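Engineer: Feature table excerpt (TrEMBL):
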- 1-193: domain 'UCH catalytic' (DOMAIN)
- GLN53: site 'Transition state stabilizer' (SITE)
- CYS59: active site, nucleophile (ACT_SITE)
- HIS133: active site, proton donor (ACT_SITE)
- ASP148: site 'Important for enzyme activity' (SITE)
Amino acid sequence: MEPELLSMVPRPVCAILLLFPVTEKYETFRTEEEAKIKAEGQEVKPSVYFMKQTISNACGTIGLIHAIANNRDKINFETDSSLKKFLDDSMPMSPEERAKYLETYEAIRVTHESSAHEGQTEAPSIDEKVDLHFIALVNIDGNLYELDGRKPFPINHGQSSDDTFLEDAVEVCKKFMERDPDELRFNAIALAAA
């Protein structure tokens, strides 16, 4: 997260996937943050693609969908792409409808399951309780959004730009780390130019 190391990340960065531990401190913060936003409100642009997570242990898949769906203009999909079809079909849906649609969308389910089994460690079963969680951070129309399917809505973290997105997103990541200073289980992945 240091500036000299961030300078090695290819630009532009389209999204950051953050993996973090779900701890008691985090859950307390999440509840307080939700209540504050419900009371005070926030701006969420209509162009934000957001979906709920209803499938257990699918936060990585949901994070990738959030990252890709909110950067469609920067991605060249293959003509017969299952993901492109899913995004096209689900674009007019509500976050809850998108989640239900994903539950029945066979091509992504099969890809998710086969990818989970290709890793170096054994993937948890769909019902196993895990204490790590993926979210996506994206720049949409000049605002940095946190997209977490466990939350009822996107979180607007304020202004950003294509030029400052990586540094802005890192500041959000650092806040997650500062809330749990005794934890080491954090990882950030940039979706960037090849």
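Glycine is no exception: its Cβ is also placed from the backbone N, Cα and C atoms.
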Engineer: When a 10 Å sphere is centred on the Cβ of HIS133 (active site, proton donor), how many other Cβ atoms does it contain?
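Structural biologist: Counting Cβ neighbours of HIS133 (active site, proton donor) within 10 Å gives 20.
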Engineer: Considering Cα atoms only, can you say which of GLN53, CYS59, ASP148 is the nearest neighbour of the residue listed as 'active site, proton donor' among these recorded positions?
Structural biologist: CYS59
Engineer: Could you measure between GLN53 (site 'Transition state stabilizer') and ASP148 (site 'Important for enzyme activity') for me? Cα positions, answer in whole angstrom.
Structural biologist: 8
Engineer: Summarise the model's confidence over the domain 'UCH catalytic' (1-193) as a mean pLDDT value.
Structural biologist: 91
Engineer: Measure from the CA atom of ASP148 (site 'Important for enzyme activity') to the CA atom of CYS59 (active site, nucleophile) and give the result in Å, rounded to a whole number.
Structural biologist: 8
Engineer: With every protein chain in view, what's the tally of Cβ atoms within 10 Å of the Cβ of CYS59 (active site, nucleophile), excluding that atom itself?
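Structural biologist: That number is 22.
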